[in-house]
Amino acid sequence: MTLADPAPTRPARIFDRSTPPAIITLVVMAGLGALSMNIFLPSMPGMAAYFEVEYAVMQLAISAYLTVMAAVQLLIGPLSDRYGRRPVVLGAFAIFTVATLGCILAPTIEIFMACRMAQAGVSAGLVLSRAMVRDMVGPEKSASMIGYVTMCMAVAPMIGPMIGGALEQTWGWHANFIVLLVFGIAATALCWADAGETNRHRSASFTEQFRAYPELFASRRFWGYALACAFASGAFFTFMGGAPYVATEMLGLSPSELGFYFGFIAGGYMSGNFLSGRYSQRVGLNRMILTGTLVSTCAMLGCLVMFLAGLAHPLALFGPVFVMGMGNGMTMPNAMAGSLSVRPQLAGSASGLGSTLMMGGGAALSAATGALLGPETGPWPLIGMMLLTGVLSTLSILYVMAVERRRLREEIAVAREAEARARHVGEARPQSMPGMQDLRGR
């Protein structure tokens, strides 16, 4: 067995710490991290009033949190490669649970923000759920399992504000964090009972690990896969940053109608995940990624054409967004699986770096879209930015495919050269045999 192969593991059994985690445990790990990002978004005006601060200060609970989350993910991966997935995820979830309790009890904005930043430890669930999948199975099969995990990651930020709005209206902003506290305790208990260790290729030391990093950072395939995934994810962040403004100010949708249409992208993503899980092993990672990126790009081209034709209707935006979500549902799980398969012994580090690219790039795209949108710009910054992410994602996977074709040609050339050399040696031997026989005769 090579490091490219997954470690042999016993079949997963629920609530058995001696086996790998069940898929439901991995989904919960990723879902908690995704839900914590913005569940309290509708409560922010009320929270600003409660702490007697400006709304801009309260917004740091989202923007600064995403920044800290991106930084933490760079540490989570290497720690899990060195010490194992299980202890890191349990420790991170315990920190999240205590920090959530601190958010509930915080008497001042300073204490609240400190506890909110400590909640970023939950990003271990986002990183390690994917690394655990790669530990358990090979790259082709891991794409379908990662699809279920990323489906939860994509859907949770979409439905989180809807849940948070209902909680805010009924019980106030504290209810959002009470729900996160309950989920945190439940997720920690589930991981304790079910998440067996999957990392069988632990680094002997951080020094050894750091020596291996140049292999990962120098891999063109890794960067191609990671950027394909980051740009596809960037379309979601761009949509979340700009769609509410376009929908309410330009298309005249009410908040309830916006909530309904917001479900389109989640529905599309789940459809793409279904297709990915069903066909990835048959079609292959690269072809599935390329298909997904082309679907997303064509969807946003269609959106652009409809708005240029004057069809300023909600379905002219959200219909193509559904198709774009489907394309991303095919792209992201396979791109993640590809990036983790480049250096399997650094799967945790690769997952952390990939997540950081997704979070950091997504936050930048979301902020840029929000800054560009205005009454004088129309919907064009939103449509253009989402179209751009599709094009860049397509170029990224085409780059990976070109690198792999070149590597295959080089391997074929080396094999042919070795075959020719062996043939030459084989032809030379019979020519020397008569001489040997003559010597023996003498």
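Glycine is no exception: its Cβ is also placed from the backbone N, Cα and C atoms.
What TrEMBL says about a protein is an automatic prediction, not a curated fact.
Some features that TrEMBL has for this protein:
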- 21-41: transmembrane segment (TRANSMEM)
- 22-408: domain 'Major facilitator superfamily (MFS) profile' (DOMAIN)
- 53-76: transmembrane segment (TRANSMEM)
- 88-105: transmembrane segment (TRANSMEM)
- 145-167: transmembrane segment (TRANSMEM)
- 173-193: transmembrane segment (TRANSMEM)
- 222-246: transmembrane segment (TRANSMEM)
- 258-276: transmembrane segment (TRANSMEM)
- 288-309: transmembrane segment (TRANSMEM)
- 315-332: transmembrane segment (TRANSMEM)
- 353-374: transmembrane segment (TRANSMEM)
- 380-402: transmembrane segment (TRANSMEM)
- 421-442: region 'Disordered' (REGION)
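No contact links the transmembrane segment (353-374) to the transmembrane segment (258-276), because fewer than 3 Cβ pairs that are 6 or more residues apart lie under 8 A.
The stretches the transmembrane segment (173-193) and the transmembrane segment (145-167) meet in space: the count of Cβ pairs below 8 angstroms, excluding pairs fewer than 6 apart in sequence, reaches at least three. Taking residue pairs at least 6 apart in sequence, the transmembrane segment (21-41) and the transmembrane segment (258-276) share fewer than three C-beta contacts under 8 angstroms.
Comparing 53-76, 88-105, 222-246, 288-309 for CB pairs under 8 angstroms to the transmembrane segment (145-167), the maximum falls on 222-246. At the 8 Å Cβ cutoff, the transmembrane segment (380-402) and the transmembrane segment (222-246) share at least 3 close pairs (sequence separation 6 or more) and count as touching. Same-chain residues lying 6 or more positions outside the transmembrane segment (21-41) and placing a CB less than 8 Å from one of its CB atoms are 12-14, 47, 61-62, 65-66, 69, 89, 93, 96, 119, 122-126, 128-130, 132-133, 145, 148-150, 152-157, 160-161, 163-164, 168, 173, 176-177, 179-180, 183-184, 186-187, 190-191, 194-196, 198. By the Cβ criterion (under 8 Å, sequence separation of 6 or more), the transmembrane segment (222-246) is not in contact with the transmembrane segment (53-76), since fewer than 3 such pairs are found. In this chain, the transmembrane segment (288-309) lies close to the transmembrane segment (315-332): three or more C-beta pairs between them fall below 8 angstroms, excluding pairs fewer than 6 positions apart. The predicted model assigns the domain 'Major facilitator superfamily (MFS) profile' (22-408) a mean pLDDT of 87.
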